[in-house]
Amino acid sequence: MYFAVITILPEMFTAISEYGITGRAVQNKQVVIDCINPRDFTTDNYRRIDERPFGGGPGMVMMAEPLAKAIAYAKSQASLHGCITDSEHCPVVYLSPQGDKLDEAAVVSMRHYEAMILLCGRYEGIDERLLARYVDMEISIGDFVLTGGELPAMVLMDSVIRRLPDVMGDAKSAEQDSFVEGLLDCPHYTKPHDFEGLQVPEVLLSGHHANIATWRFMQQVERTKQRRPDLWQSFTPNAEQARLLKKVNKTMK
């Protein structure tokens, strides 16, 4: 998968391109990450990419022209990597608190793209005309404001990359994460058996795989009910999960 990140701070992205699971995916050529600086597409000596807003007001606004040129260049690079560059295969995504909320369903959908062009804003934002003409979707990572789109872009990339085939060392790790089945994750334990008087649940030491699976599922259920009742309300169990819920509810009566 090809990612082009349009940013005035390309150095930030070494955190995702050189370290951890995402860095290994880059090293193994499962993912390509290009950082494109819009300053490289300016025409003045100061490489200026922002100006005062029309109508007055605080701060600066990123100008449309250098960003449009950066997007065109990003699409040309995606094409060189063999990607189809229309919006269905290579969307231009603006990271914005006004966008649609990033969730696991969106991540699963995004992993099927051939490429993504991620537009990182700064200052007061980006000229609306650029967004109207060039951006296919706006994505938010939460109802809060950051100093720029770089961190949200890294969050999006990390979440998508780890869902790509063969990126995770153990595919089951991704399958058991929170939200993948519509539930939060279960608790996890490792050595020692006793930590400051707190014991590992006996069922995890039993070696009985069916009982362990049931315990973990029910922990997911209880944790989701307590911490994210909104998720629980929308959860639809599969046949096996429905059987377990019915069995547990019956034993509790």
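Using N, Cα and C of the backbone, Cβ positions are placed for all residues, glycine too.
The S-adenosyl-L-methionine binding site annotation in Swiss-Prot covers Gly121, Ile141, Gly142, Asp143, Phe144, Val145, Leu146.
Cβ packing within 10 Å was compared across the binding-site residues Gly121, Gly142, and the lowest neighbour count falls to Gly142. Counted over every protein chain shown, other Cβ atoms within 10 Å are most numerous around Ile141 among the binding-site residues Ile141, Val145, Leu146.
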